[in-house]
Amino acid sequence: VSNSSSQIILKWKPPSDPNGNITHYLVFWERQAEDSELFELDYCLKGLKLPSRTWSPPFESEDSQKHNQSEYEDSAGECCSCPKTDSQILKELEESSFRKTFEDYLHNVVFVPRKTSSGTGAEDPRPSRKRRSLGDVGNVTVAVPTVAAFPNTSSTSTPTSPEEHRPFEKVVNKESLVISGLRHFTGYRIELQACNQDTPEERCSVAAYV
């Protein structure tokens, strides 16, 4: 449960089949990385619009009114249909309006205008890759580099950064915890372990992810 923009109230139940007496719980939490697509998206595009929640009644043309009237006249001789209530009509209008708004939003997001070419200011419909003929490809010789086998030489590898220290909390005699100091609008992965001894760490259960 989110208590505020920087706190989470975590509650859990004890294991249904505990392996021994549960003495304490270990809670770890780790901030998740942001999606790269959120940074690549240009939010200043004119065509990018968010769907509006304002409701506007749909416009019904005269042709559709005549069509509905003719269908009603044809079916009037056979059977009588129950009229729709005001709530049913309002619900259908809201669904139709929401569907149109959502479709407009999809068109604005998916169909993004092509970037303009440098200098002219007009849209460049041509593809960016240059077309090559098969003759050009057949006359090209590619040299594949090989690595010489020197016994005293080792390849230089990129140094890996050490694992970031994950904050954790030891919870005793209760099944809840308030995690503070969190970043708003950010995803966190929370791990929970049930333990029956302080040491060693192998006395804890498999982590449950939240």
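Heads up, the Cβ atoms here are built off N, Cα and C, so glycines get one too.
In the predicted model, residues of the domain 'Fibronectin type-III' (1-96) average a pLDDT of 72. The domain 'Fibronectin type-III' feature in Swiss-Prot is assigned to 1-96; the stated evidence is sequence analysis.
Taken from Swiss-Prot, the feature N-linked glycosylation site covers Asn3 (among others). DSSP assigns Asn3 (N-linked glycosylation site) to a strand in the three-state reduction. Cβ neighbour count for Asn3 (N-linked glycosylation site): 12 (other Cβ atoms within 10 Å of its Cβ, all protein chains included).
Note: Asn21 (N-linked glycosylation site) has non-local neighbours Asn196, i.e. same-chain residues 6+ apart with C-beta under 8 A of its own C-beta. The annotation N-linked glycosylation site is assigned in Swiss-Prot to Asn21 (among others).
If you look up Swiss-Prot, you'll see 55-78 (among others) marked as region 'Disordered'.
Residues or ranges marked as N-linked glycosylation site by Swiss-Prot: Asn68 (among others).
As annotated by Swiss-Prot, region 'Insulin-binding' applies to 103-111.
What Swiss-Prot records for 116-169 (among others) is region 'Disordered'.
Residues annotated as topological domain 'Extracellular' in Swiss-Prot, with sequence analysis given as evidence: 133-210.
Among the features that Swiss-Prot reports, N-linked glycosylation site is placed at Asn139 (among others), with the record citing sequence analysis.
Annotated N-linked glycosylation site per Swiss-Prot: Asn152 (among others), in sequence order.
Annotated disulfide bond per Swiss-Prot: Cys195-Cys204, in sequence order. According to its DSSP assignment, Cys204 (disulfide bond) is in a strand. Close to Cys204 (disulfide bond) in the fold, though at least 6 residues off in sequence, lie Leu26, Gln193, Ala194, Cys195, each with a CB less than 8 Å from its CB.
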